[in-house]
Amino acid sequence: MRAVELLLLLGLASMVHGLCSPTVFYRDCWIRRFPGMLLDLEESQRLGAQFLKYYSENTGQKCGRSCCLRKDVSCNVAVFFHDPVHDNVNCLHVHCPTLESCILEPGASAILYNITAGIDPDLLVFEHTSPIYPNSRSSSEWWDRLRILKAMSVGSEGVYPDVMNRMVPSTEAASTTQQDLGANTGISYSRKSTTDVGLRFTSANVSTATKVNMVSPSTDFTHSPGNKTISPFFGPTDTRVSQVPSRSRLNISKPSVNKTKGSHSRNHSSENEEPWDGAPASAGVWLACVTLGAAVISLCCRVVLGTSRCCGKRQGWSHMGQRSASGCRRNTLKENS
């Protein structure tokens with residue numbers, strides 16, 4: 001019995017762990033965790049990664065949040081080691097300017113945290129602000145591919161860089177700088193920003209992010225054919241240009257844009273669908289009421305018929321008893337006479 005209970009508890013824990021989202025929001029930062037992954041620090045430093053801090057922390061959550069709270073430098077990667085190599089030093093902070101500068105490898109006793117700037121989801125819902133971070137599902141798919149390829153190349157050395165070179169897009173389109181993003185507008189601005197967002201690991205300058213937010217996009221930019229945002233390899237970034245302009249910027253009427261629905265193609269049918277949604281429910285209620293009433297009426301009729309039959313039978317037996325008694329009296333009188 002104890003073994004069965006233990007198995008049930010383990011299964012419940014695995015289900016709860018699967019339901020938990022790997023991405024959380026904390027202090028204007030999106031923190032995405034990748035269990036079983038760590039960073040090859042030496043190789044990453046050769047490719048341009050910057051070592052920031054290596055210290056002791058209580059939990060992996062605090063390690064990732066402390067990387068988010070760093071204001072002196074831009075910290076976008078944190079690695080927490082459950083089994084520290086050195087004296088209780090288990091938290092590593094690194095800044096990776098590009099995707100190619102971070103070389104990852106599997107590690108059973110480590111958790112990698114990707115920290116990117118973002119907007120509070122409550123503000124996105126109640127203030128109708130367009131999302132700046134991309135879909136996390138595409139990022140998780142890239143990471144699943146990375147884990148599979150890395151697991152295949154664990155036994156041999158020198159295979160992982162080749163896999164990364166085939167898997168990661170080229171860095172030629174990443175030549176656009178943060179200042180170009182803040183200065184350009186229109187269609188040319190959209191093409192540069194989307195390609196740069198797709199290849200950068202995170203944004204390294206907060207001032208340029210404010211410049212991007214201050215630029216008001218035009219209608220031509222919103223409907224331009226080249227405005228296709230490429231999902232980054234890691235989590236959300238803070239410089240992605242909004243695909244749907246806000247209501248305060250372009251002054252669009254309500255029937256054309258309905259941001260609470262989440263899809264532009266469903267706006268024309270959202271108001272007409274409400275009566276149809278309530279009709280089946282009301283019909284079901286009426287049908288249940290009619291069926292219940294018919295059942296009650298039939299039950300009452302059966303009860304009345306049953307009681308009437310019982311009363312008739314009792315009256316018949318009483319009449320027969322009276323007749324037999326009167327016949328017996330007559331016979332006795334005749335015999336006595």
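The backbone N, Cα and C atoms fix where each Cβ goes, glycine too.
The annotation compositional bias 'Polar residues' is assigned in Swiss-Prot to 216-230 (among others).
According to Swiss-Prot, the feature compositional bias 'Polar residues' maps to 239-260 (among others).
Positions annotated as domain 'MANSC' by Swiss-Prot, on the basis of sequence analysis: 33-113. Under DSSP, the residues of the domain 'MANSC' (33-113) split into helix, strand and coil as follows: 19 helix, 34 strand, 28 coil.
Sequence annotations record features per position, and here Swiss-Prot assigns N-linked glycosylation site to N114 (among others) based on sequence analysis. N114 (N-linked glycosylation site) falls within a strand when secondary structure is assigned with DSSP.
If you look up Swiss-Prot, you'll see N227 (among others) marked as N-linked glycosylation site, on the strength of sequence analysis.
Annotation source Swiss-Prot lists N-linked glycosylation site at N251 (among others), citing sequence analysis.
Residues or ranges marked as region 'Disordered' in Swiss-Prot: 216-277 (among others).
Annotated region 'Disordered' per Swiss-Prot: 314-337 (among others), in sequence order.
Feature annotation from Swiss-Prot assigns signal peptide to 1-18; the stated evidence is sequence analysis.
Here Swiss-Prot flags 19-278 as topological domain 'Extracellular'.
For the topological domain 'Cytoplasmic' (300-337), the predicted model reports an average pLDDT of 71. What Swiss-Prot lists as topological domain 'Cytoplasmic' is 300-337.
As annotated by Swiss-Prot, transmembrane segment applies to 279-299.
The number of other Cβ atoms within 10 Å of the Cβ belonging to N114 (N-linked glycosylation site), over all protein chains shown, comes to 28.
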